[in-house]
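Here is the structure we will look at.
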Amino acid sequence: MKVSAALLCLLLIAATFIPQGLAQPDAINAPVTCCYNFTNRKISVQRLASYRRITSSKCPKEAVIFKTIVAKEICADPKQKWVQDSMDHLDKQTQTPKT
């Protein structure tokens with residue numbers, strides 16, 4: 001009985017401090033997507049819809065994640081020429097014409 005009362009008291013004290021630990025900006029707790037392996041094959045630009053760069057210090061490698069037109073995400077090495085060319089192509093597609 002004494003153990004149960006002590007445990008209950010400890011849980012109540014801990015519960016008092018938990019909300020303070022959870023009150024953090026969402027960006028701190030946001031999941032980080034990392035690439036651990038890169039594709040060995042060149043992807044046709046006709047299959048690509050978009051890309052994003054991964055430069056987080058929490059990831060072991062800098063990477064580019066291409067999203068295909070069928071919503072598949074593929075990790076690629078940003079140092080490879082075909083990756084840079086594909087990013088340039090996608091950038092040109094998304095630019096709005098100047099009037």
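In case you wondered, yes, glycine gets a Cβ from its N, Cα and C as well.
Since we're looking at a predicted model, the values are computed, not measured.
Here Swiss-Prot flags 1-23 as signal peptide, drawing on experimental evidence.
Swiss-Prot lists Gln24 with the feature pyrrolidone carboxylic acid, giving experimental evidence as the kind of evidence.
Per Swiss-Prot, the feature site 'Involved in dimerization' maps to Pro31 (among others).
Annotated disulfide bond per Swiss-Prot: Cys34-Cys59 (among others), in sequence order. The Cβ of Cys59 (disulfide bond) lies under 8 Å from the Cβ of Val32, Cys34, Cys35, each of these being in the same chain and 6 or more residues away along the sequence. DSSP gives Cys59 (disulfide bond) a coil state; it is part of no helix or strand.
According to Swiss-Prot, the disulfide bond annotation covers Cys35-Cys75 (among others). Using a 10 Å radius centred on the Cβ of Cys35 (disulfide bond) and all shown protein chains, the other Cβ atoms total 20.
Residues or ranges marked as site 'Involved in dimerization, receptor binding and signaling' by Swiss-Prot: Tyr36. Counting every protein chain shown, the Cβ of Tyr36 (site 'Involved in dimerization, receptor binding and signaling') has 9 other Cβ atoms within 10 Å.
Swiss-Prot lists Asn37 with the feature N-linked glycosylation site. Classification of Asn37 (N-linked glycosylation site) by DSSP places it in coil, neither helical nor stranded. If you draw a 10 Å sphere around the CB of Asn37 (N-linked glycosylation site), it holds 9 other CB atoms from the protein chains shown.
What Swiss-Prot records for Arg41 (among others) is site 'Involved in GAG binding'. Taking a C-beta cut-off of under 8 Å and a sequence gap of six or more, Arg41 (site 'Involved in GAG binding') has no contacts in its own chain.
Swiss-Prot lists Lys42 (among others) with the feature site 'Involved in GAG binding'. Secondary structure at Lys42 (site 'Involved in GAG binding'), as computed by DSSP, is coil. Under a cutoff of 8 A between CB atoms, and with a sequence separation of 6+ in the same chain, the neighbours of Lys42 (site 'Involved in GAG binding') are Trp82.
What Swiss-Prot records for Arg47 (among others) is site 'Involved in GAG binding and receptor binding'. DSSP assigns Arg47 (site 'Involved in GAG binding and receptor binding') to a helix.
Taken from Swiss-Prot, the feature site 'Involved in dimerization' applies to Lys58 (among others). For Lys58 (site 'Involved in dimerization'), the Cβ neighbour count at a 10 Å cut-off comes to 8, with all displayed protein chains included.
The site 'Involved in dimerization' annotation in Swiss-Prot covers Lys61 (among others). Around Lys61 (site 'Involved in dimerization'), the same-chain residues at least 6 positions away in sequence with a Cβ under 8 Å from its Cβ are Cys34, Cys35, Tyr36, Phe38, Ile54.
Among the features that Swiss-Prot reports, site 'Involved in GAG binding and receptor binding' is placed at Lys72 (among others). Listed in sequence order, the residues of the same chain lying 6 or more apart from Lys72 (site 'Involved in GAG binding and receptor binding') and placing their CB within less than 8 Å of its CB: none are present.
According to Swiss-Prot, the feature site 'Involved in GAG binding' maps to Lys81 (among others). Remark: Lys81 (site 'Involved in GAG binding') has no non-local neighbours by Cβ distance under 8 Å and separation of at least 6 in sequence. In the three-state DSSP classification, Lys81 (site 'Involved in GAG binding') falls within a helix.
Annotation comment: Swiss-Prot describes His89 (among others) as site 'Involved in GAG binding'. Under the DSSP three-state reduction, His89 (site 'Involved in GAG binding') is assigned to helix. Cβ-based neighbour count (10 Å, all protein chains) for His89 (site 'Involved in GAG binding') stands at 13.
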Whole-Å Cα distance, His89 (site 'Involved in GAG binding') to Asn37 (N-linked glycosylation site), is 23
Count of other CB atoms lying within 10 Å of the CB belonging to Arg47 (site 'Involved in GAG binding and receptor binding'):
13
Here are some disulfide-bonded residues: Cys34, Cys75. Which one has the most Cβ atoms within 10 Å of its Cβ?
Cys75
Distance check, please: Cα of Lys58 (site 'Involved in dimerization') against Cα of Asn37 (N-linked glycosylation site), rounded to an integer number of angstrom.
15
